Structures are given as C-alpha cells and as structure tokens.
Amino acid sequence: MVLQLFLNGVILGSIIALGAIGLSLIYGILKFGHFAHGDLMTLGAYFAFLFKVQLGLPFWLAFVLAALLTAGTAILLNLILYRHLKKRDSVIVMISSVGAALIIRNLVLLFWGPQNQFYEKAIQMPIVLAGGLLRIKENQIIILVLALTLVIAVHLFLSKTKMGKAMRAMSDNIDLAQITGINTEKVIIWTWAMSGVLTAAAGILLAFDTHLTPVMGWNLLLPLFAAVILGGIGSPYGAMFGGLVIGISQEMSTLIISAAYKPAVAFTIMILMLIIRPSGLMGKKV
Amino acid sequence: MTFAGVFSYLVFFLIFAGIYAVMTMALNMQRGFAGLFNIGIAGFWAVGSYTSAIMTKGPSPDHLGGFGMPFIIGLLAAGLISALVALLVGIPTIRLREDYLGIATIGIAEIIRLVIKNEAWLSNGVRGISAIPKPMAGSFGSNYNLFFLLIVVLIIALFYYLSEKGINSPWGRILRAIREDEEVVKAVGKNVVRYRMEAFILGAFMMGVGGALYAHFTSFISPEAFRPMQATFLVWIMLIIGGSANNFGSIVGAFLTWGIWTGTEFLTGMLPAAYTTQAAAIRVILIGVFLELILLNRPQGLFGEKKYSSASTTADG
Amino acid sequence: MLRINEIYAGYGEIEIIHGISLNVEQGEIVSIVGPNGSGKSTLLKSIFSLVDIMGGEINYLGSDLTATATDQMIKKGLSFVPQTDNIFPTLTVEENLELGAYVSTKKLSDRFDLIYNLFPPLIEKRKKKAGTLSGGQRQMVAFGRALVMEPKLLLLDEPTAGLAPMFIDLILEKVEEINKTGVSILMVEQNAKKALAMSDRGYVLAAGEKKYEDSGRGLLENKEVAQLFLGG
C-alpha cells in the first residue's frame, strides 16, 4: 500500500516536475507567476489528442507535434500579451495570464467538448511486482521513462549549452545578463519555447496516465506553483525536486486524510514553506 | 416582451450587477487601495453565501443549520467569517511579495470549494443548499425584487460611504502612501503589514456580505452553482475597467461589465439549444479577449485612478 | 579612447548628471570621485546606456555609444563591472566566466587560465557556485567575467564597496595589475585617496556636475579638494 502510493506519487511528481520547470524559469526571468501554465498543459494534451486520435498519427509524432504547437502558443502569448505588459505592475501581467488561462480552457472546451477523452480505449492489465505489493501499468512505465529522459535532456541543455546557461544567468540576475551582452529577448523566447515543450509533455503524460478533461491542467496549477515555491523561484532543479515532493506527498497523504483533499496538501506544503523559508529550498533570496 | 417584462428583467439585471458592484468595491479596497493581489474572490464569495444560508435557515436534515437568524445577522456573520478566512490566509502571506498572496488566494478558494463539496454535514455537498430564506419574503408580492434591489443599493451606498470615509482618513492616507512608496512609510515607523492586513480583511468582509446577498437572492447555492474562476475574473475585469483606487469607477465598471457579460448571453443565445456548452465557452472567450484588449490599450480603465487629497503625505496620521 | 561630451543623464524624468565631459586615453587609470549622491555611478552607467540619456555624446573609439547595442560594445572591447549583484550566484565560477564570453563565437578557455593566474583563489573554486564565495572572491569572479573578452577599457563601479579592509587593497592592486597588461580603467571609487593615488587622472563630481579635473596627484595635493571632498 505504502509502496504503491509512493510509486503513484513518483508518477504524479514527475508530471508536476515537468510542468514546474518552465513555470519556475519564467517566474525567475520575467518576474511574474504565469497562471496560464496549467491550461497550456491541457492544450498540449489536447493537441496530442488531435494528432493521435483524430488524425491517427503515431504516438511519438503526435507527442512531438503537440509539444511544438504548445511551444508556439507560449511564444505567441508572450508576443501579443506579456511582452507589452511587462513594463507595468506585475499584477497586471498576472491578471492577463489569468485571462489567457480562461481563454485557452474555453477554446479547448469549444473544440473538444467537456466530456472525458482518452488516447486509447483499451484497458491495460497492470504488471504485478514485489509479490503483489506493487502494480504498475505499461503506460506508467512509459511515463516514467519519458519524464526521466526529458529531465535529463533539460539538465544537459541547461548545463552544457550556451542558451541554457544564459537562461539560468537571466533567472539569477537579469541586469547583469544584459551587461554581459546576453540577447535577453532571444533568451526569453527560448524560455517560452522550452516551457511550452515541457508543459505539453506534462499534459500529455498526465492524460496518458488518466484521461483528458478541459480542467486537467487548471487542477494542477496549485501543485505546480507549490513545486516552484518549494524549490525556489527561478531554480529549474528546485522545481524538479519540488515537483517530486509535492507529487509524493499528495499521494501518500491519502494514508491519513480523505483523497478528496489531495489538492490541499500542495497548498499546505506551500504555505509552510512560505512561513519557514520563502526563498525556497534552492532559491536565492527574494 | 411587455413593459412589465422588460422592467422585471431590468430589476433582475440590476440586482446581479449590484452584487458584483459590492464585490468590485471590495476588491478595490484590497487591490486598488492596498495593492493586494486576490484571485480567490470566489472563495470569499462562497464563504459568505454558505455562512449566511446556514445562519438564517430553519432546521434541515441535510446540513448544518437551524439557527433561523434574521437576514441582517446572516449578512454580518457572512462578512465576519469571510474576514476571518482572510486573516488566516493573510498571516503567512501578506508580508511576502504580492504574487504569493495571489497564489495563496487561489489555493484557499480551492480548499473552500473542496470543503463545501465534501463535507455534506456542513453544506450538503454537491446537492447544495436550497430554500434560503429571503428577507421579508412575501411582503411585496410581485414587486419583491424591487425591494431586494433596494437592499442591494443600500449596501452599495453604505460600503461606498464607509470606503470613501476610510480612505480619506489618516488610515487611508497611510494605505495609499504604502502603495506609492512602501519604504518611506516603513521609515516613519508605520507597521506596513498591519495596514495591508486591515485592508485585506475589510475587503474580505465586503466580499462575504456580497456572497450573502447572492445566496439570499438566488435562494440556492451549490459548489457548482457558479464557476469560481469566472466570477473572480469578472470582478477583476470590473475593477480594471472602472480604474484602480476609484470606488465610483468600481461601481460603474461593475454595471458596465455585467451589461457586456449579459450582452454576450443574448449573442450566444441565438445559437441553437444544442450548442449551450459551446455558447458558454464563447462567452468566456469573448470577455477574456475583451480584458486583454483593455489591459493592452487602456490600462488605467475608463475612469483612471481617482486623485484623493494629499495622497502622498506619509508622515502625518 | 573614450570621450564624453556634455552628457545629461538620469532616471525617467529625473536628471542627475547635468552636462559632464570626460575622457579616458589609452593605458590610463582614471578615477571619478565625489560625495554620495554626486552622480558618479550614474555617469559610469550612462556609458553603458544603463540609465536614460537626455543629451550629449559618448564616443568610444570613433563610434557613438548611445546608439550601440550592449553586445556590440562588448565586442568593441568595453566591459562593465557593476557595484553590487555583479555575479550570477547559482552558476559556477567557471560558468560565470563563460558567460563573460557570451558574445564571442570563439572558445576562450585559454583566457580563463589568464584569469585564474590573476586570481589564484578562484582555481579551486571553479566548480563551486559563485554565490557561495566570500565577498572578495565574488569580486574576483566579477572582474574575471568582465576580463574574459580582453577588454580595452574596463569600467568599474566602486570595486571595493562593502569589502573587508584586507580585500580593498588587494582589489585595488589587481586593478593596477590589470592596467599594466594594457587595459585602460575608468572607475568610480569611494576610497577617494587610494583611488587618486593610483590614478593617472581624476574627476571630482558634486551634485551632478564636474567640480575639478586634474592628475591624480594634482587632486590629492589640491587643498580645496582635500578639504571639501577628501576629509581634510
């Protein structure tokens, strides 16, 4: 039971982690909480639904196309909204992102309807491990492998490439980045692109594990923010770690409290973190 | 439609717009005057609605209740419990950056929704609370809604008067000074966190009362009765259109936005009945696009920020 | 190599620098001194377009800096070390240096060795996060980042601010050492006496205007300057 919950937590945690990396970098670089992040996740999942189920493309291709389209959407949001609002009060940018969230969610509702959708109808028999203590579906193994691959890819990108280092540098100290001659506009576009890809991946993996609904991403927004704050705003590695902690805590919490209150766990951890150490576990001082 | 029909629709429209005006003035107290970022309005709204419903209803086997208190006590209790929630959310977050408060308010709104949905003993869960008593029900016959409108108008007037008085008092001057330059206010030894907290609580009180009005007018509330994000978002649009830190603008912004929102209903109402879901989605998309256009093109709203006297005198009071 | 002509600069509507002219020649150390709020830092920042420029000209090796993008300035051999927040704290020392070479397309690892020679304590910290270093070492990282591109002119905004006394002399010695390798220096410095003593020329600013301009020694020996600005 405990082992099973832990495994479920790791699966959920990896999905949250993928979404939180981009949210954290955007937060660190552009200095605002992007409230449309959850709904971008939803959009990514539905793009994949479009390609895989409605157009009948193979899963990997649907995945790639959906990730690219979501990255494009993220860049577009920055281009038409956030870029123009960033000189103003950050609350204005955040409200604009709340607006973007509602627009995206309702576009999804408009095109794909309110009912649950599935990537595949067939029911998978779980693989039983550890003498019946642990059950895992083939899909869940794929989710873990894909999430791990993406996290490693992100790590290599951030630590080995010039663009990745520039991203971290901008999240650290944007004024110095400018003085260093970093093309900040270009880095911002890349950050949105990377966030879009990771967010779409998170959405697709979540839908792959369960199903698609128009509110799937919105429901994960609070855990995403909790992961970001736990790891420290602007710290991509903190976000990965935070995502795992939040995912595991949410699943394990059902040992003590009703499953209905799972979302409250993320909130509680976040509030505790804000009381004890607002800069997060890996963040710089804010 | 007959004249009477139009008139009764107008009254109905004004009551809803009026309740939103209460919410907008409340948000203006928090955001406009104190710079606080609250996107969990729906949570305070729900707390107000449920508190007043439970306080005023007679005994019911479905949920907590049986207090049978008068309407006015229901309103007060709604405001107080909502203010209490604000205090609890505010303690850990209000001294931090404004965006943390925003995230926390979303969280608390979500938790309130979960509690209402799952604690059936308290709120009858997803089935909601029905037959919430209306004040002086049955006294005015077919003109009852007109009477309810009067109550709403009285509350708007009261909150308007108190807000203006508060904001022109030494307390209000310090609040505005904090928004302009927090450091200066700190330097003269004022407890900035306390003033922010007070504005947050006052706003939450008003939201609770607004929620109570909503519950009594509709007689029925449930976790799904209104879409929380949509309600929160509408109030924000109303505030932004009316111009920040401007109570008069808040009221006009609320009526105007509610007019536009209702207008989109007429528009999508022309679609065949089979498309109700799509119609609702289109309405939200339209109002969302409308907000973005306002933010991009007219950030100060229609009325801008009201200039209150001696806005930057920080040392006195 | 740098000629500032009648520059007016500030923030938004507020003008802080009221028409100052200044120049730096090849190989010089030039110091800008003056009381707090005299506009020293603003003047330095205006060269890098970090403040709003309201009038005047800034010419560096024949090009107009007010119309030059930052990456182009760096390619032309100009580098700036801000007073505070001048490192990337969660990046390693080496990554800080790499970012100093961001605008370059070449590999500059041999330049890193020169920097480690100049600041030996950084060698064993190269894989450490810069934010974990001591104040003096952070300043070394900040200098290193600015030196990677082999600048011709280095702008230093109060390089010794907030440092322990033992580091102040060390950092100023390093400035002289860097200068000896052929890098011209323009710096704003609180320790006016020490700065002027090592400078070829100096400028004394007050209230956004230039009050005195002389050789470093000349200013130190000027009784008026000494009384008004150097604390007797």
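Each Cβ is built from the backbone N, Cα and C atoms, and glycine gets one as well.
Annotation comment: TrEMBL describes B:6-27 (among others) as transmembrane segment. Within its own chain, the transmembrane segment (B:6-27) is flanked in space by residues 38, 41, 44-45, 142, 145-146, 148-149, 152-153, 155-156, 159-160, 163, 203-207, 209-210, 213-214, 217, 234-236, 238-239, 242, 247, 250-251, 253-255, 257-259, 262, which lie at least six positions past its ends and keep a Cβ under 8 Å from the stretch.
Marked as transmembrane segment by TrEMBL: B:34-55 (among others). If you look at the transmembrane segment (B:34-55), the same-chain residues 6 or more away from its ends with a CB under 8 A from one of its CBs are 23, 26-27, 63-65, 67, 69, 73-75, 77-79, 81-82, 85-86, 89, 94, 98-99, 101-102, 104-113, 116, 122-123, 129, 132, 175, 178-179, 195-196, 199-200, 203-204, 207-212, 214-216, 221, 223, 226, 228-229, 231-232, 235-236.
Long-range contacts of the transmembrane segment (B:67-91) within its own chain (CB-CB distance under 8 A, at least 6 residues past either end) are made by residues 40, 43-44, 47-49, 51-59, 101, 104-105, 108, 112, 133, 135, 155, 196-197, 200-209, 211-213, 216. According to TrEMBL, the feature transmembrane segment maps to B:67-91 (among others).
Residues annotated as transmembrane segment in TrEMBL: B:144-162 (among others).
Long-range contacts of the transmembrane segment (B:199-221) within the same chain, counting only residues at least 6 positions beyond its ends with a Cβ under 8 Å from a Cβ of the stretch, are 15, 19-20, 22-23, 25-30, 33-34, 36, 38, 41, 44-53, 56, 71, 74-75, 78-83, 85-87, 90, 94, 128-135, 148, 151-152, 155, 159, 166, 175. TrEMBL lists B:199-221 (among others) with the feature transmembrane segment.
Packing against the transmembrane segment (B:233-261) from elsewhere in the chain are residues 13-14, 16-18, 20-21, 23-25, 27-28, 31-33, 39, 41, 156, 160, 163-164, 167, 176, 179, 283, 287-288, 290-291, 294-295, 299-306, 308: each is 6 or more residues past its ends and has a CB under 8 Å from a CB in it. Summarising the annotation, TrEMBL assigns transmembrane segment to B:233-261 (among others).
Tertiary neighbourhood of the transmembrane segment (B:273-296): same-chain residues 230, 233-234, 236-237, 240-241, 260-261, 264-265, 267, selected by CB-CB distance under 8 Å and a gap of 6+ residues from either end. Per TrEMBL, the feature transmembrane segment maps to B:273-296 (among others).
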